[in-house]
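S.K.: Please see the structure below; I have some questions.
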Amino acid sequence: MESPPENPRQARRFRKGRFSQVPHISGLILGVFSVLVFLWSISPVLRHILRVPREYIDSYYFDAPDTSLSWALVVALLAAALASRKRIAWWLLTIYLALITLTNIASTIVDKNPNNAVAAVVLLVVIGILIAARPEFYTRVRRGAGWKALGVLIGGMAVATVIGWGLVELFPGDLPQNQRFLWALNRVTAAASVDNEVFDGHPRVFVNTVLGLLGAIALLAAVMTLFRAQRSNNALTGNDESAIRGLIQNFGADDSLAYFATRRDKAVIFAPSGKAAITYRVEIGVCLASGDPIGDPEAWPHAIEAWQDLASQYGWATAVMGASETGATAYKKAGLSVLQLGDEAILRTREFNLNGRDMRPVRQAVTRVRRHGVTVRMRRHRDIPPEDMAAVIIRADDWRDTDTERGFSMALGRLGDHLDGDCLLVEAVMGEGTEDESVVGMLSLVPWGPNGVSLDLMRRKPTAPNGVVELMVSELATRSDEIGVVRVSLNFAVFRSVFEEGSRIGAGPILRIWRSVLVFFSRWWQLEALYRSNVKYQPDWEPRFLCFEDNRELPRVGFASAIAEGFVVLPSFGRKSSQVVKHTGTHAAVPAALVTSEGLHADGSPPDSAPSFTTNGPRRPEQVRVRMNKLAQLADEGIAAYPVAYPPTHTIAAAAKSPEGTRVRIAGRLLRVRDYGGVVFTDVRDWSGDIQVLVDQDNVGREKLAEFAAEFDLGDLIEVSGTIGRSRKGELSLIAVEWRMNGKCLHPLPDKWKGLSDPETRVRQRYLDIALNPKARELLEARSAVVKSLRDSLGGRGYLEVETPILQQVHGGANAAPFLTHINAYNLDLYLRIAPELYLKRLCVAGMEKVFEIGRVFRNEGVDFKHNPEFTILEAYEAHSDYEGMMRMCRELIQAAAVAAFGREIIMRPGPDGELVEVDISGEWPVKTMHGAVAEKLGVDVSPETSLEDLQKLCDANEIPYQSSWDTGAIAQEMYEHLVEDYTEFPTFYTNFPTSMSPLTRPHRSIPGVAEKWDLVAWGVELGTAYSELTDPVDQRNRLTEQSMLAAGGDPEAMELDEDFLQALEHAMPPTGGLGMGVDRIVMLITGGSIRETLAFPLAKPRQ
């Protein structure tokens, strides 16, 4: 249920007070009464049955003639006007009931009739309710409607009387000649077919009926004139269009239909601020808005409110045609109901191509048309000569397959206007450049933001070869770079989901029936044809919605929409042509203040300057605004806040080591400021360290000291020149003489003692954490030292460093879920690599005997203290080695990296109190078999020969989960991960893993069922792994085939079959040892930090 709006201006539309339903109830009662009058007027039987209650009502409460079609119509119109909350209807009903009440009171006094007294009391209560409910009848009628209605009534009665007199003269019956005119006047004006004793005869019977009908028509016309709602002129003024164009320029980049708001046979209403507007047209009492509001989304609610207020003033039902999801949400918040109307077809030109099975029909059509010598020409309207544009207009009219131009929310309704120079014309030309050049098709598209177009007009010469439209659309998409277009909005498919889902096997009976109905009406309205013409291009579908006030209004809204879109054509009676090229509005809707302040133009051209309400970025906190004001002051004073480089002479660390009296120039970030009046102390930091800067008025003067204090804020980048000395307390300081701003910091720094305390903020603002947190700097320095050590150590061993592809067609080299991406140039899905292994092995086949790579890999897995979706890996391969040789090298690499970071073979680990403590990792490290480590934990014998049943029992006893489809290798490895890996502390090598779990590893040379593979684990984290690589191409093919079957079965981590790798392996690879190490985890091990702390920019959660 919709909650009432907070804005009081909308309150009356949503008010649920005790009198809010009076208009509806009174209209309902009189509507039922009018039906009864109509029925007993045409049915003598019903008139006889209801005679007693009819006469009672007629005598005391409300006129109820026995035969009066005109009265039935009048009451029906009054009922409709009351239900529409028209104030004039309230006046008529209240006065009418007041007159009857006075008559009853008089009769009560004179005749003492109790029925008159009861009726008077009842009517007084009714009148009291009507008076109390007067504010609910707020709808206006047209200005001067009462006088116009009186004129229509008198004129209509006069004409009807003259016609009736003629009929009486033709068919007089026994009526005397001198009474015939009076008879006609009586019957027309009384509007009742009853006898009158004044006359001495009667004309023919049917004459009475005709005369009564003529009177009813005159009365009906008068009442309709009185109750008719205010009419909209459905037109823009030049200033209105100018303001709309300004809004589109600044806020219309995301709305494909925004430019259609400049269509000139619409009216417009603006938000009071002028920041947003709604264009609309009124048809049969429905105020039909087209698409989303134009302008600043923050002002949309105010524009919608103004639009609803306008509609409520004149009794219009409100509806919206073709709103986007964003727009529909805004209208729904304003109280409208929302129904998905269909979908808009959007082509992303960078993704469009004619390849693939789905595009075969379009590809064939394009090829067929090209054989006829048809080419495509694209021009902006501004580049088209006037004579060519005149020919375009003629062709558009001649080739139109309907009598009138269709479209309202998604059509511009004009061609050749000088203000539409950014529109795009796409022409299919036969024999281009020759004397026989002939245009056989054309598309006209309006601008959609800076890099899109939206289809306005589509024409095809009746004799053109089939496929001309497909050629134009495909050429527009594939040659879009020539015109700077990246997105194209095609036609709108009404009820697309019905056509799509209803034609599928298994569609329900209701859906099939609904589709059949739409297909039937498609004979006239091309509903299915629009869907078929769009779906062939494989577009993205963007939903469009119909918004409306009440379900009871849906039929009228649908009919009004059909009129507006041109599907239903009403008789002209002076209606304007759909090709509106001039401004016909007489009253500007744009707020008057904007006309002068924004430089609007009466010819509809865009404003001279950007509107003053355009946004210049996010709303700034007060402290940021203060700093930005300082930035502006610096600019006014001619001081460059972001100057060109002037390198310092010393780093801060070097300056601090310089002898006292040394002249230096340092640069860094201002972290602390302490102002003691005549002297200011500041702390400045660069990457090498911190130093205190002393600014003394005795050295620089009071004025410069004041300038320094006023100019600089915490966080600013500063360059200071001076001499090394000491403060009065003997603290080493740089005695400042000169300074300049190197960069103004526009945001305040965090607390100088706590820094960034929130972990997510530290990740999101990593640059700030590094600038303020010495530990973060130390970790990055340690990481750099570790990576450099790994690279230097391998280089010293004769390894060559290479780079292999990150984008790969097949994901392999490890069991992990990959990230998927797409290359538009080849219309090909690609993976971000999960490992460089298979490419490095190709190089081993090529003869590279020692090769390594340090690079990024990507795995679509969880994020925690030891996992990040992207991380750095080291992989190294050495011919004529094995996993034991890789074990020695791995240990030596890590020990050398520890020396590079700390100068000794130590690592840092958190102690019991959370403080980091040193751990010696020199010498040999423990080596255990995987099965032996599991057996050690369980206290029972576990080996590669242990049966599947025994392993399952051990898992059940120790609450280790497993799947019934797993083999012994998978279960044994699951036990290892639960019992061993998580509880390992000191670096340990675990060897001889199950062969079934190692698809790229050589089987053990002497132990069946296991492979020559080890994992290095420390403090619950796997640091690296190494194999004796599998070089048998036949065995390797069998294993990867098995993996590909798992992948096909839905295992996201199983490797795919890489035929190129297998073909390379079939050329023979020497016996090789392979090593893989997680560089981030090695840094974690050495520094004692988490994986997030060791990365410069770890992945952060999305902003809320």
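Each Cβ is built from the backbone N, Cα and C atoms, and glycine gets one as well.
Since we're looking at a predicted model, the values are computed, not measured.
In case it helps, Swiss-Prot gives these features for our protein:
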- 664-739: DNA-binding region (DNA_BIND)
- Asp1015, Glu1022: Mg(2+) 1 binding site (BINDING)
- Glu1022: Mg(2+) 2 binding site (BINDING)
- 1-608: region 'Phosphatidylglycerol lysyltransferase' (REGION)
- 600-621: region 'Disordered' (REGION)
- 609-1104: region 'Lysine--tRNA ligase' (REGION)
- 25-45: transmembrane segment (TRANSMEM)
- 64-84: transmembrane segment (TRANSMEM)
- 90-110: transmembrane segment (TRANSMEM)
- 117-137: transmembrane segment (TRANSMEM)
- 151-171: transmembrane segment (TRANSMEM)
- 205-225: transmembrane segment (TRANSMEM)
S.K.: Tell me the residue counts in helix, strand and coil for the DNA-binding region (664-739), as DSSP assigns them.
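M.R.: Split by secondary structure, the DNA-binding region (664-739) comes out as 14 helix, 46 strand, 16 coil.
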S.K.: Rank 25-45, 64-84, 90-110, 151-171 by Cβ pairs under 8 Å to the transmembrane segment (117-137) and hand me the top one.
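M.R.: Ranked by Cβ pairs under 8 Å, first place goes to 90-110.
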S.K.: Take the Cβ of Asp1015 (Mg(2+) 1 binding site) and count every other Cβ within 10 Å, whichever protein chain it belongs to.
M.R.: 20
S.K.: Neighbour count, 10 Å Cβ-Cβ cut-off, for Glu1022 (Mg(2+) 1 binding site): what number do you get?
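M.R.: Glu1022 (Mg(2+) 1 binding site): 17 neighbouring Cβ atoms within 10 Å.
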S.K.: Let me know the model's mean pLDDT on the region 'Phosphatidylglycerol lysyltransferase' (1-608).
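M.R.: Over the region 'Phosphatidylglycerol lysyltransferase' (1-608), the predicted model scores a mean pLDDT of 79.
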S.K.: When DSSP is mapped onto helix/strand/coil, what comes out for Glu1022 (Mg(2+) 1 binding site)?
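M.R.: In the DSSP reduction, Glu1022 (Mg(2+) 1 binding site) maps to strand.
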